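Peer 1: Among the features that Swiss-Prot reports, ATP binding site is placed at K476, R482, G483, Q514, K515, Y516, I517, K527, F528, D529, C571, N572, E662, with the record citing similarity to another entry. According to Swiss-Prot, the feature Mg(2+) 1 binding site maps to D649, E662. Residues annotated as Mg(2+) 2 binding site in Swiss-Prot: E662, N664. Under the heading domain 'TTL', Swiss-Prot lists 345-702.
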Amino acid sequence: MQGVSSALLLSAGQLGPGAAWYRQEGSSECSWLRRSQPSELRTNFSSRWPWPRNSESRRSERLQWPGPASAKPEVASCGDSRRDYSSLPARHLSSARESSMPGALGTVNPQPVRTLVPPTLDEPLPDALRPPDDSLLLWRGLTKGPNHMGRLRNAKIHVERAVKQKKIFMIHGRYPVIRCLLRQRGWVEKKMVHPPGTALPAPQKDLDSSMLGDSDATEDEDEEENEMFRESQLLDLDGFLEFDDLDGIHALMSRMVRNETPYLIWTTRRDVLDCRFLSKDQMINHYARAGSFTTKVGLCLNLRNLPWFDEADADSFFPRCYRLGAEDDKKAFIEDFWLTAARNVLKLVVKLEEKSQSISIQAREEEAPEDTQPKKQEKKLVTVSSDFVDEALSACQEHLSSIAHKDIDKDPNSPLYLSPDDWSQFLQRYYQIVHEGAELRYLEVQVQRCEDILQQLQNVVPQLDMEGDRNIWIVKPGAKSRGRGIMCMNRLDEMLKLVDCNPMLMKDGKWIVQKYIERPLLIFGTKFDLRQWFLVTDWNPLTVWFYRDSYIRFSTQPFSLKNLDNSVHLCNNSIQRHLEASCHRHPMLPPDNMWSSQRFQAHLQEVDAPKAWSSVIVPGMKAAVIHALQTSQDNVQCRKASFELYGADFVFGEDFQPWLIEINASPTMAPSTAVTARLCAGVQADTLRVVIDRRLDRSCDTGAFELIYKQPAVEVPQYVGIRLLVEGSTIKKPVPVGHRRTGVRSSLPHLLTQQGSGESKDSGSPTHRSASRKNARAESLEHTEKPEPAAVASVSGKGKKAPFHFPSLHSKAWLPSPRVHRPQGRVLRLQHDQLVGSKALSTTGKALMTLPTAKVLMSFPPHPDLKLAPSMLKPGKVGFELCCTTWRVVLSGGIGEEGHRQRAAPRPSSAPGKGLSSTEPCSKTET
């Protein structure tokens, strides 16, 4: 570790507020020194750490010293109940040694101070701490001595209390601070054990782009707490937990609760457990289906829907982003690249004019000897005429017309002012000017036009200032973190080669291209970004907590747009920690490449921008976080007992405007530097305050977390299991009488109409079944379109005729003979001299022979011209049941066995919701 002095968090359980450990540089031995933190490291609330002050949160019993009484260290004189391990052999990180520390900042401390770094369990215990020979060693630190049964009894009591209070937790990953703070609250850990031969499912990073906004497997794609990619830590806090459990009590209690249900689960990735199998009172630190904003592809897609959720423009805080694997996005990106190049030409003209006016004649004469001959020849080799500026002006003018919706009548597939071939030539000349140093010729008249159009574009293009004039874009994998696979490019053909050369790599939108911020805010000529934490405790209503403390990460190289190497433009600590600082780097920059937000605020005051943090930066970051969550609220699986801590990365423009780059799930909590050692431990402690302490006490201290957004609750109707069921049967096609045969078993009485005849498919006769359906349909259509005058029926009670689009109302039935078929068993027999009907109605457009006492009620609104349905007749039941969903038939009477009319039995009212219509079901009659 470098620097004059560096702060080191010793242990979350051994330090109080405002304490840190320092090491004086240049010392050959380990010389860590404890002193108070500087004022800029403190916050405005009372205690930096949530150490329990009440007896309920403290450890219920005091753990006994495992060794003999003669080797027991004395209690510290500070007045608290913490044990003094000063008699233990000191070591620095992995080596155990003892040394005297000089005073702070060069002063001499007469009293020797030993480091409190405990030995690991792999190291042998000192002779003074070895158990007696007559004792049985159960495991490291726990011996079956005189007080063995008492420790077991106390551990059992503590476990029973934790089980009763539902204070069982389970952790997957390296979270020593969480373990320590939960143990202080009386929680007992249940070890997460995986069966031999099984492993956690690897995160699936290559999925369909359509699923990236909803998938369960991609929400944690930007997690940085992966065991395989763990950052180097300034201090391994797991050693302190092992030393704190030197007597084995916590290991014993973990074994006691191995069959208990954990009520707090803290994991690195969400896919470790399936939330669907958790009970309602089990808390977990992840939400399912959060990939809609924790992946670059999901954030790119969902922020486009922001106008539907809020009156805001995503282009004002999120750089333009496209998916290279999607054809629509690819086409939009190409057009955006063209227009950006045209705007950059206008900027170059204005910049060259300002430069020519600012340079004096004397300065030009002084620079003339420095201009070597090759440079003059290079300028003469390539010269771009003023026509190139006219093309750029015309393209920008057409773009303004398109934004104003003046191109409504234009073909959407037509090119933007220039054809694709012309745009290709335009880009080649643009590359010559920007990248190869060609000379751009322009006219004085063109300068004023460029300024006017740029002023108009300023009002409609929010990213005009930050995009610069070199047209640099950054290509990123859709679901990766820590800067893996990121490339900065400035040529369109090179970016499109990623799609053409490797289609499998770009399939389904796995890669995105985003506009690079060419004019970022710099500190001492170096680029930086900011990591901001926020906590989501509910999605309905959406509840967001914003952390007041943050940290910034510097690059190791000076900023330059001519060098597109990742060491210059990517500030991820996972990349920069492997690089050496440039010799041209400003000496005021920190050696560990990190500042706290308090130090950044002090720098803003030094550069005469004291209000930039409170008036521009913080409000902009809060708004960006809220908008990103609003657009993803419908995609995330809401679970009341879940919560999640996210880390957002921001880059600032020259006007201090924050630009959201990405949002990471499971942000790293590794104490890689002195800044992260303090802040990462603090954000974990304050997270437990919000999700655990606040559930019991709504007015408790939430640390540095601030509630910035909470929606009104939206009630979701509960599913009660109601099934919508529609019952019924199809209406049989009527059977014309002219084609019936004697002895044919039929389920309907044979009818005769004025239009032709045809046998029903249900008549049972193979001969008549072969009748053409096409002819029957043609007859029906002919009957519908051209009804005969004699077949027109008047509307009951009115003098008007029924409209022709009701074909059944224009059909008039004729009796073939004074005979009718009567059912006897399964054979139809003829009955003579009985008149059974005069009119009939059918929904199929053909007449049916019906009884004179039948009525048909329409359950749907009729045609406007037909205000009342006429009286209609229905045949009696002839050995079948007819159930109709379109027409309701109410039968009031029937024919007796001898042909006389009889009264029908009263029909009971049906229960609502069980019939075929909204009022009552179809009735069944008996003949």
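Note: Cβ is positioned from N, Cα and C throughout, glycine not excepted.
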Peer 1: Kindly state the mean pLDDT of the domain 'TTL' (345-702) in the predicted structure.
Peer 2: 88
Peer 1: How would DSSP class D649 (Mg(2+) 1 binding site) in three states?
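Peer 2: In three-state terms, D649 (Mg(2+) 1 binding site) counts as strand.
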Peer 1: Using N664 (Mg(2+) 2 binding site) as the reference point, find which of the binding-site residues K476, K515, C571, D649 has the shortest Cα-to-Cα distance to it.
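Peer 2: That would be D649, nearest by Cα distance.
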Peer 1: Cα of E662 (ATP binding site) to Cα of D649 (Mg(2+) 1 binding site): how many Å, rounded?
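Peer 2: About 6 Å separate the Cα atoms of these two residues.
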Peer 1: Just to be sure I understand the packing, how many Cβ atoms besides its own are within 10 Å of the Cβ of E662 (ATP binding site)?
Peer 2: 20
Peer 1: Count the Cβ atoms, other than its own, that fall within 10 Å of the Cβ of N664 (Mg(2+) 2 binding site), considering every protein chain shown.
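Peer 2: Its Cβ has 24 other Cβ atoms within 10 Å.
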Peer 1: With every protein chain in view, what's the tally of Cβ atoms within 10 Å of the Cβ of F528 (ATP binding site), excluding that atom itself?
Peer 2: 22
Peer 1: In whole Å, how far is D649 (Mg(2+) 1 binding site) from I517 (ATP binding site) when you measure between their Cα atoms?
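Peer 2: Per the Cα atoms, I517 (ATP binding site) and D649 (Mg(2+) 1 binding site) stand 14 Å apart.
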Peer 1: Would you identify the secondary structure of N664 (Mg(2+) 2 binding site) according to DSSP, in three states?
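Peer 2: Assignment for N664 (Mg(2+) 2 binding site) reads strand.
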Peer 1: When a 10 Å sphere is centred on the Cβ of K476 (ATP binding site), how many other Cβ atoms does it contain?
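Peer 2: So the Cβ neighbour count for K476 (ATP binding site) comes to 22.
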Peer 1: Only counting partners 6 or more residues apart, tell me which same-chain residues put their Cβ under 8 Å from the Cβ of D649 (Mg(2+) 1 binding site).
Peer 2: D529, L530, R531, Q532, L660, I661, E662, I663, N664
Peer 1: Across all chains shown, how many C-beta atoms besides its own are within 10 angstroms of the C-beta of K515 (ATP binding site)?
Peer 2: 24
